[in-house]
Amino acid sequence: MKVTKICCIGAGYVGGPTMSVIAQKCPDIKVTVVDINQTRIDAWNDPDLSNLPVYEPGLDKVVAEARGRNLFFSTDVIKAIEESEMIFISVNTPTKTYGEGKGMAADLKWVELCARQIATASKEDKIVVEKSTLPVRTAQAVKDILVNTGNGLKFQILSNPEFLAEGTAIEDLESPDRVLIGGDDTPEGKIAIQALVDIYARWVPKDRILTTNVWSSELSKLTANAFLAQRVSSINALSELCEVTGADVSEVAKAIGTDSRIGSKFLKASVGFGGSCFQKDILNMVYICRSYQLNEVADYWEQVIKMNDHQKARFAKKIIKSLYNTVSGKKITFLGWAFKKDTNDTRESAAIYVADHLLSEQAKICVYDPKVNQEKVYADLEYLNTRSSDENRRHVKVMNDPYEACKDSHAIAILTEWDEFKTYDWEKIYQNMLKPATLFDGRNILSKEEMTKIGFRFYAIGKP
Ligand code: UDX
Ligand code: UDX
Ligand code: ADP
C-alpha cells in the first residue's frame, strides 16, 4: 500500500518538527498538520520564519523548503482526516490534574477526542498512528472508539513513538538511532506496518527501523525515558555526595562513562531534569505498576522523581544559605528559564521550581532567557498556583538584556546551559552587582577558576 496523503493532529513540539521532516524527505506525499489552536497554526504559517511557535535549530530551513509545496498547516481537522490515508495523533497527554489518578496518570481526553474526530470524519479505512507518548494499552482504547463509532470502517492502529529530544529535533529526525513501529500481527496489521516502514525507509537505513507488537512499542517509549531520567537522577545523587567528600562529579562522570557498559552520554549533573516527558512518563509508569499491584516496581521508579525534586530544592536552599539564610527583598537573577538549551519549551523546567522556592522566601527574581518570553514565565508560575498572579508579576521581572538583568543583583543562578552564557563579559557583570556577588552555576558551564579570579563567590553542582 502506498500512502500519498498523511495528516497529523497536533502541531506542537513533536508534531510540527516530525511532519516537517517527513514532508521534506517525501516531496510526493502531501502532509497536513492540523491543530485546534488557531494562533499556533497562524504562527506555523507566518512568512517570517523567526515566528514559528517551536524554536529548534534548523527547523526554519526545513519548513521553508517544504511549506506550501507538500507541507500544510491548518485548523480544518475534519477535512484533513477525510482526505488522508494515514493519521498521526500527536496531541498533548499531560499528567492528570483532577480526579482518579490525579498527579500520576496521563490525561487522555485529547487523545480520545482525536479518536472520536477520526471516527466521525472517516469515509474510508484508515491507518491511525499514535505518536504522542501514551500509557501502555491506549491503542486498545483508541481502537474501541474507532470500532464502535467508525461506521463499520476498518482501522489499523500503529504505535510509532517519537524519540527526538528537543533542541536537537531536526538532527534526531534526520538520523535517528532507531525508528520504532508497533502493530498487529495480522495480515492487515502487517500491511499497515509496512506502509509506515516505507515512509521512513526513504531516509532511515532499514536496520534501524524496528517493528514490534503494539504493547512493546508503547512500553519501550516509557522505559526509554525512565532509563534516561534515571541516569540523570543517579549522577545528581552522586553530585551531592561529591560536594561533601571533595570528589568532582565531572571527573567521576568521565571515569565511569568510559566503561562501555555504562557509556558517556547523559551523565551531566544539573539542577534537575525538566521537559514534558521524563516526569510525566515515569509517573505514568508508576501509576500503571500500582494498578497491577506491583508496588516495589512502582517505588523503585518513583525514587527517580523524588531525587529530582530533591535536587531542585537543594539548589534553591543552597542559594538561600549562601546569602546569609535570607533572600527576602534580594534581587536574584536567573540566566535561563527553558528546561534545556536550544528550545523555547519550559514545561517542567527546573527554573520554575527553584523560582517558586525562592519566591516563597520573598526573593525578587529577574529572568533572562534568549528564547522564552515574559508571558510564558508568568504562565509557568501561575500554573503552580502557589501565589496570586499579581504577586508573581510583582516579584518576578523578565528582561531582554542579560547585563541589565544582572545589574544590582546579589546573586546570579544559571538554570539553562545556553551557549551564549559562556561568552558573556563576566568581569562587567561582576562590576555591576552588589557585593559579595555570588554565582550559582546549576549547569556546570563556567570555570570556577576564572569566576573566582574575577571575584565571584562561586558554587557549581557536585564540585568540592
Ligand atoms: C563486576 C564489574 O562488572 C567489574 O567491573 C568489577 O571490577 C567487579 O564487579 P563481576 O561481578 O565479576 O564484575 O561481573 P559482572 O559481569 O558485572 O556481573 C555481575 C552480576 O550481574 C552477575 O551476577 C551477572 O549475572 C549480573 N548481570 C550482569 C545481569 O544480571 N544482567 C546484566 O545485564 C549484566
Ligand atoms: C527526552 C528524551 O531524550 C527523548 O528521547 C524523548 O523523545 C523525549 O524526552 P527531551 O525532554 O526533549 O527529550 O530532552 P533531554 O535531552 O532528554 O533532556 C531532559 C532533561 O534532562 C533536560 O532538563 C536536561 O537538561 C536534563 N539532562 C539531560 C541533565 O540534566 N543531564 C544530562 O546529562 C542530560
Ligand atoms: P507535544 O510536545 O507532545 O508535541 P504540545 O502541547 O506541544 O505537545 O502539542 C500538542 C498540540 O496538540 C497542541 O498544539 C494542541 O492544541 C493540539 N491538540 C490537542 N488536542 C487536539 C485536537 N483534538 N485536535 C487538534 N489539535 C489538538
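Quick reminder: no glycine exception, Cβ is built from N, Cα and C everywhere.
As given in TrEMBL:
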type	residues	note
ACT_SITE	C277	active site, nucleophile
BINDING	10-15, D35, R40, 91-95, 132-133, E166, 277-280, R347	NAD(+) binding site
BINDING	162-166, 221-225, R261, 268-274, 339-340, R443	substrate binding site
DOMAIN	333-448	domain 'UDP-glucose/GDP-mannose dehydrogenase C-terminal'
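Listed in sequence order, the binding-site residues among G10, Y13, D35, N92, E162, Q279 whose CB lies under 6 angstroms from an atom of ligand 3 come out as G10, Y13, D35, N92. Calculated from their C-alpha atoms, the gap between D35 (NAD(+) binding site) and A165 (substrate binding site) amounts to 22 Å. Close to ligand 2, meaning a Cβ under 6 Å from one of its atoms, is not one of the binding-site residues N92, L222, Q279. A 10 Å cutoff on Cβ-Cβ distances gives A165 (substrate binding site) a total of 15 other Cβ atoms nearby, all chains included.
G272 (substrate binding site) sits 11 Å from Q279 (NAD(+) binding site), taking the Cα positions as reference. Note on the domain 'UDP-glucose/GDP-mannose dehydrogenase C-terminal' (333-448): mean pLDDT across this stretch is 98.
Here the candidates are the recorded positions E162, N225, A269, C277. The one whose C-alpha lies nearest to that of N92 (NAD(+) binding site) is C277.
Break the domain 'UDP-glucose/GDP-mannose dehydrogenase C-terminal' (333-448) down by DSSP state and the numbers are 46 helix, 19 strand, 51 coil. For E162 (substrate binding site), the same-chain residues that are 6 or more apart in sequence and have a Cβ closer than 8 Å to its Cβ are V14, T18, S90, K131, T133. Taken residue by residue with DSSP, G10 (NAD(+) binding site) is part of neither helix nor strand, so it is coil. The Cβ of F339 (substrate binding site) has E166, F273, G274, G275, D345, T346, R347, E348, S349, A350, A351, T416 as same-chain neighbours under 8 Å, each 6 or more residues away in sequence.
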